[in-house]
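Pulled from TrEMBL:
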ACT_SITE  K99  active site, for sulfotransferase activity
BINDING   K99, G100, G101, T102, R103, R182, S190, Y292, K308, G309, R310, I311, H312  3'-phosphoadenylyl sulfate binding site
DISULFID  C293-C303  disulfide bond
DOMAIN    90-334  domain 'Sulfotransferase'
TRANSMEM  12-29  transmembrane segment
Amino acid sequence: MLFKQQPLLRQKLFVLGSLAIGSLLYLVARVGSLDRLQPICPIDGRFGPHGQEEIPLRTLQFKRGLLHEFRKGNATKEQIRLHNLVQELPKAIIIGVRKGGTRALLEMLNLHPAVVKASQEIHFFDNDENYAKGIEWYRKKMPFSYPHQITIEKSPAYFITEEVPERIYKMNSSIKLLIIVREPTTRAISDYTQVLEGKERKNKTYYKFEQLAIDPNTCEVNTKYKAVRTSIYTKHLERWLKYFPIEQFHIVDGDRLITEPLPELQLVEKFLNLPPRISQYNLYFNATRGFYCLRFNIVFNKCLAGSKGRIHPEVDPSVITKLRKFFHPFNQKFYQITGRTFNWP
């Protein structure tokens, strides 16, 4: 009987032994792979070059998600307090120029984890009724932010409105001011195109651009036409320079922001004293739209509104030539004041 049981016993022992050896080999291999996954110096990796602890990008993205929820108005005062959220006055304002690319600039800067934006144009400093509501009303229009972030708003009417420089100076004399410009004639036609689209949507007739831009009596450029007047950048900037030094302004090339946005955004990061965080990963070209779109993370992408990049109407070449000749001396002065030269005709 014993002899009959021995083969079965040896078979069971062999199976148990094989399992034990296999488990041991798996543990050895697992430990080895874990060792390879460990960073060489896990503590050093949490600190920047100067020994200051940095906030991980993933954490900032998570916080940005929380801010989005708070902006919906669903947060309680207790939740806001627990998350250390505040509504701060802006540290920087995009003051213009209309149809220069202010919305694109604001949305692209919002890619930076240390930037929060006011979603709507506030029109506080250029609107007497809003301005009369006081600075606390203005603050309450700002988005919630964390202490390490800066708030930015944009209202392009600020640049051309006479009272605005003094009003902003009274709020914060050291604020940083961003101006985004395009070739003046192109900008004026873009301005006209936006108004034209609004008129057509309401089934209203509208003058041709040539009739507005050129005075029919003198056949000279009509400086009373707002689209032309806005493009005389140096005239408006001189009014701002009565209150702020040129060092507090940064001029953004709106034409380049369309075709090659990253270098322009990197210049703005430097001007705002922000650590470089926006990369080519965050910007991808949409061939259908003909514009760069924004990639915040692996899940969330965003393109500008379909109204951006409207097709301009054809304009008489002689009128374009006349406008460019008119803007030329103003452009030269603008280059001299700002220290930035553009390839404008």
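Glycine is treated like the rest: Cβ placed from N, Cα and C.
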Return the count of C-beta atoms lying within 10 angstroms of the C-beta of G101 (3'-phosphoadenylyl sulfate binding site), excluding that atom itself.
27
Rounding to whole Å, the Cα atoms of K99 (active site, for sulfotransferase activity) and H312 (3'-phosphoadenylyl sulfate binding site) are apart by 12
Measure the Cβ-based neighbour count of R310 (3'-phosphoadenylyl sulfate binding site), defined as the other Cβ atoms within 10 Å of its Cβ.
13
Applying a 10 Å Cβ distance cut-off over all chains shown, what neighbour count does H312 (3'-phosphoadenylyl sulfate binding site) have?
13
One should report the C-alpha separation between S190 (3'-phosphoadenylyl sulfate binding site) and C303 (disulfide bond), rounded to whole angstrom, as 20
Only counting partners 6 or more residues apart, tell me which same-chain residues put their Cβ under 8 Å from the Cβ of C303 (disulfide bond).
N286, R289, F291, C293, L294
Between the recorded positions K99, R103, where is the Cβ count within 10 Å the lowest?
R103
